[in-house]
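Residues annotated as ATP binding site in Swiss-Prot: 11, 12, 13, 14, 15, 16, 17, 18, 19, 20, 21. As annotated by Swiss-Prot, Zn(2+) binding site applies to 192, 200, 203, 206.
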């Protein structure tokens, strides 16, 4: 297959975005990654994002500071006065929601896409993320429309920017199984919202990751 288009992948350092990165390598010509430091308690994930970008051999890895998200109160990911919950995600936006986070992240990635003339932005949102308003299909399609309406590259009639969301209809286990097929080094990923080393194993993110990997590698002895 002749790879023509490029992509910039939102890379947190976690399992889902790592699989997205490895998948993107099979589809796109040049792959860029972008990660964000926004006052998250689990900022250690950025070290994993750096390592994953190096292993994947990306064209360039950008790390962007988004300090104002730390000023927002009410999210357990950034507010030191709130505990990271251990229960599974509820049917409504959980306390780990950072308002407008993915919209902000996509907008910043779109700025890089405009400058570097990158036609695709990859984000690893999936079905288990549905309680988060900015992890749904309607969000992705709306964000794509706004980005294209704002793009200098599009205004110059060079290319449109597409939001690449291949995991929307997939479960965490589906993503892990795809990652296994692609040879993703899961041991180089980090998915604990508490930011501890080793991971706490108690928060919803840790437990969902563990369950997905257990189901994926149930036929092995390791």
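In case you wondered, yes, glycine gets a Cβ from its N, Cα and C as well.
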Neighbour-count leader, CB within 10 A, binding-site residues: 15, 19, 192:
19
Using Cα-Cα distances with a 10 Å cut-off, which of the binding-site residues 11, 13, 17, 21 are near residue 206 (Zn(2+) binding site)?
none
In DSSP terms, helix, strand or coil for residue 192 (Zn(2+) binding site)?
coil
Among all protein chains shown, how many Cβ atoms are found within 10 Å of the Cβ of residue 17 (ATP binding site), not counting that one?
27
For the binding-site residues listed here, 11, 21, 200, 203, 206, which shows the highest count of neighbouring CB atoms within 10 A?
11
Which of the binding-site residues 192, 200, 203 has its Cα nearest to the Cα of residue 15 (ATP binding site)?
192
Of the binding-site residues 17, 19, 21, which one sits closest to residue 203 (Zn(2+) binding site) when you measure Cα to Cα?
17
Would you mind reading off the Cα separation of residue 11 (ATP binding site) from residue 192 (Zn(2+) binding site), to the nearest angstrom?
15
For residue 15 (ATP binding site), what is the secondary structure by DSSP, using just helix, strand and coil?
helix
Residues flanking the ATP site, with Cβ no more than 8 Å from the Cβ centroid of 11, 12, 13, 14, 15, 16, 17, 18, 19, 20, 21 and excluding those residues themselves:
49, 52, 124, 189
To the nearest whole angstrom, state the Cα distance for the pair residue 13 (ATP binding site) and residue 200 (Zn(2+) binding site).
16
Three states by DSSP: which one describes residue 203 (Zn(2+) binding site)?
coil
Measure the Cβ-based neighbour count of residue 13 (ATP binding site), defined as the other Cβ atoms within 10 Å of its Cβ.
24
